[in-house]
């Protein structure tokens, strides 16, 4: 195999070019003025929709009326051939989408006006834009993102670009920290090398740049104009979301619901009480203790010290009172083993004395809807890396996501088709349109699944890195063989299992499952509805079928559905974004792609 060599070169703008750019400028200056055009020319009145044809250069503040003109300008003025790069690197739509956002972010941070890439071999190379965060528009009004592939006929993935952009814009703001802008430099000949894992390193800051204020962040807001604001505002917004999040757990109703969830509570109880070798005499940390039920189990199991961490002030007081009532609380007046710390785990040092890497067992019920909603896993991983001993136990220690296709019975359509003898299906159709953008959390009956379940993603909580919380995975759905007939797949359902495996729970490993095949839990399942149902049938039904109709129709059912699913933490703190791509495969190997859908939970 040819040796891989990548040259990733930054070219600074010349002194002549520098004169053309104001040192006082910022990302907001890169937007067109109120008239939307350059050179002070007056704009003719129109229907107010010119923003869709206003394309901003990737490297400077020039505006163009078409992508072709923009990319030609980038090639001639900045040495960047976008179409050539796509062809050379074989970038699909999503990789190209990420590349544009990556360049925007680097230019905003580094003010580099030219960029060159050369390579002998790109096989197995991971480029710096190959991260899920670059699926979020860096600039919310970026028309280029849904227009750059308009003229390409061989694009493998088909989609409604306008609809995709509308959905992507719902992902919200994106903040860029420019505190270090201009602090580091590199020469024009500096090259990015490939390390042992074949990762291409990120762009370094260019030299000769004006230092920006350390308190400034560039924030793309919901308004038409980007704003430059104090960086502390972002932290305040995060704190506000955290306060609302932890405050929501101050209601006793949600705790009753969780405690009444026997599948959930008994799985944790069995893991803590039926593994004496693990718990007896150990130091235990419970992240997000709520009422303290898991900490009480740990104390009962013989732990020598239990640190219960709770960020909700009210619930920290409740957990303290419960621990005292059950005679396990530990302070100057009580001789128990359980301590309650009112704190976020990231700030635990301020609330309690505990040495780093001194915890034997880290336990937490961190899972949210679709496993990752609420983004609490990041806090658990922080606690693992900060407090857990090397080789210490984390409970649960595995998490696995599954996916399957569901039929019409899992939707509300049948209800609205016959309401006391009246046809109200128009309501059902309107609800259906909403569910193609918003996930539904509900219990799916096993009988309503029309495909076999399949594995989507696995997490090893003992070893995973925090950035692996965001992921992209593929799966193939096969129609169920139990009913040898054609059925409509209206969407996919996601669920998860968490495992207390024999790695740590040697005496009594157990599994907490939220599957449609097991008793329901308060997590239910997460439902993602297709924009249009896909007809599927098992191979036995399709044998000899040589129809020419579109794949996935009732006349030509798909033999399987290939999925590409991405889950990433959203801009809105503690929310997640889910992108879903579906491809129907015929028994003859033909394919049909459906538009990508983006959901926010």
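Using the three backbone atoms N, Cα and C, a Cβ is placed for every residue, glycine included.
As recorded in Swiss-Prot, the features of this protein are as follows:
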- 365: active site (ACT_SITE)
- 374: active site (ACT_SITE)
- 264, 288, 310, 312, 345, 346: S-adenosyl-L-homocysteine binding site (BINDING)
- 242-554: domain 'SAM-dependent MTase PRMT-type' (DOMAIN)
- 1-50: region 'Disordered' (REGION)
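For the binding-site residues given as 310, 346, the lowest number of other CB atoms within 10 Å of the residue's CB is seen at 346.
DSSP assigns residue 365 (active site) to coil in the three-state reduction, outside any helix or strand.
For residue 288 (S-adenosyl-L-homocysteine binding site) paired with residue 365 (active site), the C-alpha to C-alpha distance reads 7 Å. A simple way to gauge crowding: the CB of residue 264 (S-adenosyl-L-homocysteine binding site) has 20 other CB atoms within 10 angstroms, across all the protein chains here.
Around residue 345 (S-adenosyl-L-homocysteine binding site), taking its Cβ as the centre, 24 other Cβ atoms fall within 10 Å, counting all chains. Cα separation, residue 374 (active site) to residue 345 (S-adenosyl-L-homocysteine binding site), rounded: 15 Å. Annotation for residue 365 (active site): spatial neighbours 258, 264, 268, 288, 290, 294, criterion Cβ-Cβ under 8 Å with sequence separation of six or more. Between the recorded positions 288, 312, 374, 288 has the most other Cβ atoms inside 10 Å of its own Cβ, all protein chains included.
The domain 'SAM-dependent MTase PRMT-type' (242-554) scores a mean pLDDT of 91 in the predicted structure.
Mapped onto three states, the DSSP output places residue 264 (S-adenosyl-L-homocysteine binding site) in helix.
Summarising the S-adenosyl-L-homocysteine site geometry, the residues cited as binding it (264, 288, 310, 312, 345, 346) extend over a maximum Cα to Cα distance of 25 Å.
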